[in-house]
Amino acid sequence: MESEQLFHRGYYRNSYNSITSASSDEELLDGAGVIMDFQTSEDDNLLDGDASVAGTHYTMTNGGSINSTTHLLDLLDEPIPGVGTYDDFHTIDWVREKCKDRERHRRINSKKKESAWEMMKSLYDAWSGWLVVTLTGLASGALAGLIDIAADWMTDLKEGICLSALWFNHEQCCWTSNEATFEERDKCPQWKTWAELIIGQAEGPGSYIMNYIMYIFWALSFAFLAVSLVKVFAPYACGSGIPEIKTILSGFIIRGYLGKWTLMIKTVTLVLAVASGLSLGKEGPLVHVACCCGNIFSYLFPKYSTNEAKKREVLSAASAAGVSVAFGAPIGGVLFSLEEVSYYFPLKTLWRSFFAALVAAFVLRSINPFGNSRLVLFYVEYHTPWYLFELLPFILLGVFGGLWGAFFIRANIAWCRRRKSTKFGKYPVLEVIVVAAITAVIAFPNPYTRVNTSELIKELFTDCGPLESSSLCDYRNDMNASKIVDIPDRPAGTGVYSAIWQLCLALIFKIIMTVFTFGIKVPSGLFIPSMAIGAIAGRIVGIAVEQLAYYHHDWFIFKEWCEVGADCITPGLYAMVGAAACLGGVTRMTVSLVVIVFELTGGLEYIVPLMAAVMTSKWVGDAFGREGIYEAHIRLNGYPFLDAKEEFTHTTLAADVMRPRRNDPPLAVLTQDNMTVNDIEHLINETSYNGFPVIMSKESQRLVGFALRRDLTIAIESARKKQEGIVGSSRVCFAQHTPSLPAESPRPLKLRSILDMSPFTVTDHTPMEIVVDIFRKLGLRQCLVTHNGIVLGIITKKNILEHLEQLKQHVEPLAPPWHHNKKRYPPSYGPDGKPRPRINNVQLNSVTEEREESEEEVHLLNSTTL
């Protein structure tokens, strides 16, 4: 009885399938096939055919001259296999998926009291969400630990090898050595450099050259192996993955992007890419790895394997787990998923994301890949408070971060666009080898570019204590300083000034190489290189402020806070703030970034400096463009993604954007019960549109529903195989009742079950500002444009993206649509092609122009054939 009521209301099965779907990368339809007649009479019946209101039975005659009585609900045949699924590079139908899930939930609840087995199935269904995020967290933490350990070992392999235990990296090799001293803790007999092994020399020019050659050799070997594996086995394993993850979470289908092969190759090549010394990080790709785990585990549970919308809830939780293990920041991971990547984020997804991030962090902590009981290598703690006057250099670091972000986005997008448009992009292996060779040759002489980027960030973040032996801590000790607990600010020694020059060279090197590295065909994250650039700049600024406060402590800005012999300035804090500012300038993250860096430092005291720097970097970056690097790459790749951060401030109407246009072929439509199987197959073969409006008839062109191309194709193929009497001349019926047919007619094909009887519609006068807002908030796949119930055209997500792109480039909007009735409302542009004047957003149209335009009125044909 419930299903019968749903059927009468038009909500049964696929009647809801296009209200809130995302778009396809292909245009659904522009128009072809049927020339529509808008000259209709007001007394057209809403439903063709005589059907008794009270009765639930009717009589029809099939092709075999057999009279049969069919119940109304017999129209709803068994579900056709394949109907409701999606092709590659298409988008899901959010409302259809959600309604499928609600129907499944109602079915389970109705059966759970029938038996103990059904009750167990109900409990399993209820707990499957927590099970899948638990498995995702476990796998993400385990893979992150494996990647960290392998990357550290292979990075040190470029410099030497541990003879006592080949699987130990440099630090682990010297842990148990009795010969290593504290000052030279990285030197022990068990660790041999390649020069010692090959030529037997530990010092001298020959040793330096041999180590230089072996460093380049291993870097090129790792890079070549990484790009070769990606090219041969999993092309989707390259890049960061976050732009594609954002697009997938918005409803787009990319088959294989989250598959098992991508997971395996991405895990292996990520280790190789990091070990090669390229200016990239592993944090972004770890989000992709975690989402691959979530996608694979979702297939173990029917609740998620058969529902694309539910699967995206798991992917949102998986992205939180990826950031959790990348930075050791579970709360920051949840906020990252919410702020940066997720499109649909209900409250239960928030809880499960938090749980997945917790499980992943727990597993990584249990593995302890760095041997310091921390989740990341560069975890630091500061004990010196910051002072009010330091907000000025913090804000200046924010300005630097915003400028760096704006420069990087423009430069990297320009280089990636050139790569796509020239022959250089056809040789990805050669590009990776060239970039790796240049990186290795320039990086080796500078100790701050030779080391792993995470090690560099750790050294820049670390505060100078009595046990630090880095050049950055080479200060001259003042023996006459007053007795204090903390180490006071001291004058910089020669080591500090030498380190500053090396850091300046490293900063220039990192800025240039990161532009050319991000986007090559190996796994490449952007978090670590951006943080390294900011940390270098911040450390330099921190040392400068520290020395300024030491030598000019009597200045009014230092007088109240910095006394002689006091520990006033912490350069490591400036490095941390600079890292957050540069990362925020590139990605335009705010809340999640502050929380991630806060979890890295473990101190609430530095929230205000971080917030000031991050917000400043965002404001400065937004002054040059509101797009972050991920949104820019989404637009570069042409993915159908509507960014909710963009504002639409133009005054165009739905009629200005819809298809078909004035000179386009007319709209391709289906009729309710006047077309044959051959007619529909011919229309499908002659067009490439992904769906067709269904109208009542060519005389009464009022909207009935919407049918998807894929569903039509599958339904017709299934009917030919499984139903007797279905031939090319069979009448296709989308109506509730099959019309009376001659006795010699073949059996009709009833396809009402695949029809969306409640497609989303707007009128031709609807402002595009409202249409764009509807597409963003409901995730529509397409929207039909009507006038007095008559279908005029269609707006797809691709049309909106093209319209937004034209408005960005200040290109004149497209010509008015072919059916545009100038007597109803004036067009945006006059016959001369110039914009019409507007007063309070109301277009002015002179009588002369109306007369001129009436002569070029488009006359619609009253009768057409398919």
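Cβ coordinates are placed from backbone N, Cα and C, and glycine is handled just like the others.
Record features (TrEMBL):
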- 658-722: domain 'CBS' (DOMAIN)
- 755-814: domain 'CBS' (DOMAIN)
- 815-866: region 'Disordered' (REGION)
- 127-147: transmembrane segment (TRANSMEM)
- 212-237: transmembrane segment (TRANSMEM)
- 258-278: transmembrane segment (TRANSMEM)
- 314-338: transmembrane segment (TRANSMEM)
- 387-409: transmembrane segment (TRANSMEM)
- 429-448: transmembrane segment (TRANSMEM)
- 499-520: transmembrane segment (TRANSMEM)
- 532-553: transmembrane segment (TRANSMEM)
- 573-598: transmembrane segment (TRANSMEM)
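Within the same chain, the transmembrane segment (532-553) stays apart from the transmembrane segment (314-338): fewer than three Cβ pairs sit under 8 Å, each pair at least 6 residues apart. Sorting each residue of the domain 'CBS' (658-722) by its DSSP state yields 24 helix, 17 strand, 24 coil. Contact between the transmembrane segment (212-237) and the transmembrane segment (314-338) is absent: fewer than three CB pairs lie under 8 Å, with pairs separated by 6 or more positions in sequence. The transmembrane segment (314-338) and the transmembrane segment (573-598) are in contact, since at least 3 Cβ pairs between them lie under 8 Å (pairs 6 or more apart in sequence). Between the transmembrane segment (258-278) and the listed ranges 429-448, 499-520, 573-598, the one holding the most Cβ pairs under 8 Å is 429-448. Here the transmembrane segment (573-598) has Cβ contacts under 8 Å with residues 323, 327, 329, 331-333, 335-336, 338-340, 380, 382, 384, 386, 393-394, 397-398, 400-406, 408-409, 457, 460-461, 463, 526-527, 530-539, 541-542, 545, 604, 606-607, 609-611, 613-618, 620-622, 626-630 of the same chain, all six or more residues outside its ends. Put simply, of 127-147, 429-448, 499-520, the stretch with the most CB pairs closer than 8 A to the transmembrane segment (387-409) is 499-520. A Cβ distance under 8 Å defines the sequence-distant neighbours of the transmembrane segment (499-520), meaning residues of its chain 6+ beyond its ends; these are 227, 238-240, 278-280, 404, 408, 411-412, 415-416, 419, 428, 431-432, 435, 438-439, 442-443, 446-449, 456, 470-472, 474, 526, 529-530, 532-533, 536-537, 539-540, 543, 629, 633.
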